[in-house]
Amino acid sequence: MDYRIEYEISAILILVILMVYFLVKPRRFSKQLNLFIFYCAAVFFINITDMATVILGWHHTVVPLWLLYGTNALYLSLGFMLPCLLAHYVFVAVGKRRNLPWLMYVPALVGIFSILIINPFTGLFMSFSADGSYVRGPFNALELIVGIIYLVISLGYVLRSRQSIARETYYTILAAILINVVLGGIQALMPAYLLTGLGGALTVAVIYLSVQSYNDQVDSLTGLPSVEAFYLDVRRLLYRKDNEPLCIIVMDIQRFSTINMLLGWKKGNDFLIRIGQSIQQKIDLEWGSYARMESDHFVICLPLRLLEENKQQIMDNPDLGESRAFPIVLTYGVYVIDDPNLPVALMCDRALLALNTVKQNYIGRMGWYTAEMGERQLAEQKILADMESALAKEEFIIQLQPVFDIEKNCLASAEALVRWHHPVEGLIPPNDFIPLFEKNGFIRLLDHYTFNACCAILADWRNRGLPMVPISVNLSQVNFYNVNLGTEMKETLSQHGISQELIHIEVTESTYMEEPEKMMATIKELQADGFVILLDDFGSGYSSLNALKDIPVDILKIDLEFLRGFEENDKAEKILSAVIHMAQALGLPMVVEGIDSEGQLAFLKSQGCEFGQGYYYAKPLSVSDFEGMLQSNLCS
C-alpha cells in the first residue's frame, strides 16, 4: 500500500513550533501541565513511529525483522495510550475528578500488555512474513475500538458537565474530540492516509491555543476572570431580554498593605485566593459575573434584586483561617447601572467612588453611588486638569489677612492666603483645591509659588520705601520630607534680598504627628537658619498638650474652635483662659484666630493675649488694600 507520510511530517512540524512557542512564552496550565506534556510527548512519538514503520516497510527486504516488529509494536502501544491520555486530560479539564479512575486505564494497559507480551507468540495484532511483509492480526482493529470508547466516554462526560464548566473549556474539548473522530474515521476508511498522528497534533494545538486565550482572560493568582473578560460579560448581561436592573459592586480589603507587611505577601496572596473562591461560590455565572480588578480589589455584577435579597450573605466575610489574629474587614461600593450605554470601566469607577466613602468605616461597610459623587468627582478632575496651567498663568493670587497687636490695636504682621481666580469657574475656594493638591503632591509646587510670591511682595515694599511687616506662609507637611528645604528657601530669600525674620513659617499640628523625629529635625534646622516657626491650629489635634513639650515652635496660633460659643459656655472660657496662661508660662507669644466680635476681643485683652486675627479686624485683603492699612495703622 502506498502510504502518505506527509501528514506525519506536518504533525511533527506543528508540535515543534508549539514546543518552541511554549518555551518562549509559557502559559499557565495549573495542574494539567504534566498531563499536557505527557500527551504532547505521546503524540510526537506516535508520529515518529508511524512514519518510521512506513519508511522501514518500504525497505522491508533489507531491514531486520526485530526492528520492523519493534517500531510497529511501539506504534500500536502508543495508539492504545493516546486516547486514554486525552480522556484523562478531559476529566481534569472539566474539574470534576482530579485523577482518572484507574479502572479506565485498564483497556489501554491490557492492549499494551497484549502487544508487548502476548502478540510476539500469537500474532493477534500483527506479525511479519519471512520476507518482512506486514500481516494484520485478527485483533488489529481493537486499537481503533478502544480509542472510540475513550472518545465516547469523554464526550458523554463533557456533555453531562456542560453547565458547570467554562464555555472555552467546553468548546475546546468538543473540538479536540471532533478532530480525532473525523481524522481517525478517515484513516479507518482509507488506511493509506496516516491521519491519526495529525489528529493528535491538531488536538495539542487546539488545547494550547485555547489555554493561551483563556489565560489572557484569567487572573493568574485567583483563577477569576480578568477585568477585560468581566467587561465583555457585563455587556452580555446588559443585553439580556429580561431588562432586570443590574449593579456593579467593587470589593476591597481594608489595610491590605498592613496585612502583607505583618503576615507576609504569601499569606496575603492566600487571603486573595480564598476570597476569590468565596466569590465563585456565592455568584452564579448564569446571572452574574465577577473578576479580580487589581491588588485587593474585586468586582461583581449581578441583578440589583439579588443584592437586596442576599446582601448579608454577600457581605459575610469568607473563612480566612489564620486571619482571626488579624481581623479582615471587607468594604463594598455599589453602583446601580442607570445608563447601560456607559463604558463598563466607568461603571466600575463609579462603584469605586462609592467604596471610598466607606473606607476605614467599620460600621457601614457598603456605600452606594449617588449623582452628587459624580458631580464632585467631575469638579475635582477639572481642578486637577487645570492646576499646572493655572500656576504657569499665575491664576493663584496672594491675599494678606492682617494680624493685630491686641493691646495697641495696630497692624503687627500678616498671614498669606492663596486664592484661585479661575478664568471660567471664577473664584475657587481653598477647601476645594488644597486637599486635592495635598493628595497628589502638587501642594509642594503651590507652597513654593506662595513663598516666592511673598518674598517678591516684601521686596517690592522695600523698593518702594513702604514699611514692612513679617508675612507668615503655610507649608504643607509634604515639604518637610525635602532635605534641602532650608537651603532652597534661603536661596529664594537671597534672590529677593529679604531676611529670614520677615518670613514666618506656619506648620499645622498634624505635621509633627507623622514621622515626628524627621519632621522636628527639619523644623529645628529652619529655626537655626533664622526662620520663625508658628504652630497653626493649636488645639485641633488629639495630643496638643503632650506634643507641645517636645515640638520646636516660636509662636502659637490658637484654633478658632476655642472661640466658638465661649461667651455662652463657662467651661470653654476657662479652657481658653488656661491655654493662654499656659502659653505665657512657656514664654510663647500667641495669635488667636477667628476673632469676629467685640466681646471676644475684650476677653482676650483681659487675659493678656498678644495678637489677634479675624473678621473683626479685617477679611483677607488684596496686596494693594493691605498696603493702605500698612501705611495707616502700622505698629510703631
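Along the chain as shown, residues are numbered 1 onward.
Even glycines carry a Cβ here, placed using N, Cα and C.
Lifted from TrEMBL, the feature list:
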- 6-24: transmembrane segment (TRANSMEM)
- 36-58: transmembrane segment (TRANSMEM)
- 73-95: transmembrane segment (TRANSMEM)
- 102-121: transmembrane segment (TRANSMEM)
- 141-158: transmembrane segment (TRANSMEM)
- 170-186: transmembrane segment (TRANSMEM)
- 244-373: domain 'GGDEF' (DOMAIN)
- 380-634: domain 'EAL' (DOMAIN)
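Residues 76, 79-80, 82-84, 86-87, 90-91, 94, 96, 104, 107-108, 111, 125, 165, 170, 173-174, 177, 180-181, 184, 188 of the same chain sit 6 or more residues outside the transmembrane segment (141-158) yet have a Cβ under 8 Å from a Cβ within it. When the domain 'GGDEF' (244-373) is classified with DSSP, helix, strand and coil residues number 58 helix, 31 strand, 41 coil. Only residues 6 or more beyond the boundaries of the transmembrane segment (73-95), in the same chain, are considered here, and those with a CB under 8 A from a CB of the stretch are 31-32, 35-36, 38-39, 42-43, 45-46, 49-50, 52-53, 104-105, 107-108, 111-112, 115-116, 119, 125-126, 143, 146-147, 150-151, 153-154, 157-158, 161, 164-165, 169, 172-173, 176-177, 180, 196, 200, 203, 207.
Mean predicted confidence for the domain 'EAL' (380-634): the pLDDT average there is 87.
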